[in-house]
Amino acid sequence: MKKYSRENIQTVLKMAWPSVLESFFVALVGMVDSLMVSRVGAHAVAAVGLTTQPKFIGLAVFIAVNVSVSALVARRKGQENQKGANEVLCAACFFVLIMSVIVSLACVIFADPIIRMCGSEEASHTEAVQYFRIIMGFIIFTVISLTVNAAQRGAGNTKIAMKTNVAANVVNVIFNYLLIEGHFGFPALGVSGAAIATVIGSMVGCIMSIVAAWKNDFISFPYMWREKIRPTLEVGKSMVKLGASVLAEQLLVRVGFLSVAVMAAKMGTAAFAAHQVGMNVMSLSFSFGDGMQVAAVALIGQSLGAKNVDMAKTYGSICQNIGRMIAAVLAVVYLTCGGYLYNLFFSEPEIIAMGVEIMRVIVVVVLLQIAQVIYMGCLRGAGDVIYTTIASTVSVTIVRPIASYLLCYTAGLGIIGIWFGVCADQLVRFILTSLRFRSGKWTKIKI
């Protein structure tokens, strides 16, 4: 990192630390959430885990919109085009409001067959359906907050998103304590209590996001009102151009994730509970890469908007180097503390033994994961979303399920075979994204 100026490094760190802290805190709360639910039993951990992939399939269209929003707002910020940036947010808000109602209705009505398709067993099915209906029924609060925060991140206001998400997750943990086991006179609702706590936290985050955007900043609802900004076809086309590829990527990726999750679920409640905690650990390491990715999207988008290609490459390389150092530290922590972590969640020796084996694989996964996530952010910030779609489709939708199936069933490795499949997926994504970044072709994309 010595070849980069101190000013460049400080710019990246200033942009990245709120996003890293935000993503880490969200992932940490996810682990605490699972820890609290585990007090009900392994079946409760499995129930919550069963909802993860169908939830993200439901969120796929919103994630696609938000990637478009961040990239477009970052480019408009680099062009010093405040009106254009706010036009993007206006169109995005209009779209997500309509889609959130459609997605919520579909998920609530078809919750039972959706969860059954995910491989649920009788021990966890009813709780999983209840959890899924509650969180998806009130998904509007989550998606509005995500969209507004995506615009703020694109404009470089990463602290706003951090504050809203941290506050929302603190509220989530508080109500988890009150509602899962029942404290201070609140009813003990178990898994349903965890879902209600998530919704209450989302409502708080949504309100804070809207309030933050009500100030006279680069992203501003009052500015939209004064300038009479309305959703336009031109902005919609720009969003579709970026978002269509990301949506295809999200859907195909989630099919890959879901197929592997079903394999794990079919191995029984104990194996799936161990698998789910491993996925929570992966989310924790992903959070660091995701935080650096947010900085990469904003800084690369702004640099290319200002037609400074060299600076875009510099920021991408700095983000990657910081990510490598974080990954090395996490790998050491996971290697030495994996067994202790599973002891926090479970008392069953069988589950803990599986968990220790899973953690050994995650040590390798984290080194590849953080690097490829940051490379993905660099490419998305430049608008190179078609390539990221291809890379994700090949690795997650094809490599991960096939490798997991062959190693789990054909080779007879069981749950650990699924994790070797996860490792293969991360390796392929790392190779594809690193080659693309080094080629420099992403700097020539126009959005």
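Placed from the backbone N, Cα and C atoms, the Cβ positions cover glycine too.
According to TrEMBL, the protein has these features:
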{"type": "TRANSMEM", "residues": "12-36", "note": "transmembrane segment"}
{"type": "TRANSMEM", "residues": "56-74", "note": "transmembrane segment"}
{"type": "TRANSMEM", "residues": "86-111", "note": "transmembrane segment"}
{"type": "TRANSMEM", "residues": "131-148", "note": "transmembrane segment"}
{"type": "TRANSMEM", "residues": "160-180", "note": "transmembrane segment"}
{"type": "TRANSMEM", "residues": "186-214", "note": "transmembrane segment"}
{"type": "TRANSMEM", "residues": "251-275", "note": "transmembrane segment"}
{"type": "TRANSMEM", "residues": "322-346", "note": "transmembrane segment"}
{"type": "TRANSMEM", "residues": "358-378", "note": "transmembrane segment"}
{"type": "TRANSMEM", "residues": "409-432", "note": "transmembrane segment"}
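Remote same-chain partners of the transmembrane segment (12-36), defined as residues 6 or more beyond its termini with a Cβ less than 8 Å from a stretch Cβ, comprise 45, 48, 153, 156, 158-159, 161-162, 165-166, 169-170, 172-173, 176-177, 180-181, 194, 198, 276-277, 280-281, 283-284, 286-288, 290-292, 294-295, 298-299, 315, 318-319, 322, 344-345. Remote same-chain partners of the transmembrane segment (251-275), defined as residues 6 or more beyond its termini with a Cβ less than 8 Å from a stretch Cβ, comprise 38, 42-43, 45-46, 49-50, 52-54, 56-57, 60, 117-121, 123-124, 342, 345-346, 348, 350-351, 354-355, 358, 389, 392-393, 396-398, 400-401, 404-405, 408, 414-415, 418, 421-422, 425. Residues of the same chain lying 6 or more positions beyond the ends of the transmembrane segment (186-214) and with a Cβ under 8 Å from any Cβ of it are 33, 36-37, 40, 44, 47-48, 89, 127-128, 130-131, 134-135, 138, 141-142, 144-145, 148-149, 151-152, 160-161, 163-165, 167-176, 178-180, 220-222. At the 8 Å Cβ cutoff, the transmembrane segment (131-148) and the transmembrane segment (322-346) share fewer than 3 close pairs (sequence separation 6 or more) and do not count as touching. Taking Cβ pairs closer than 8 Å, the transmembrane segment (56-74) reaches residues 84-85, 88-89, 92, 95-96, 99-100, 103, 106-107, 136, 139, 142-143, 146-147, 150-151, 153-156, 219, 238-239, 242-244, 246-247, 249-251, 254, 257-258, 294, 297-298, 300-302, 305, 380-381, 383, 385, 447 in its own chain, all 6 or more past its ends.
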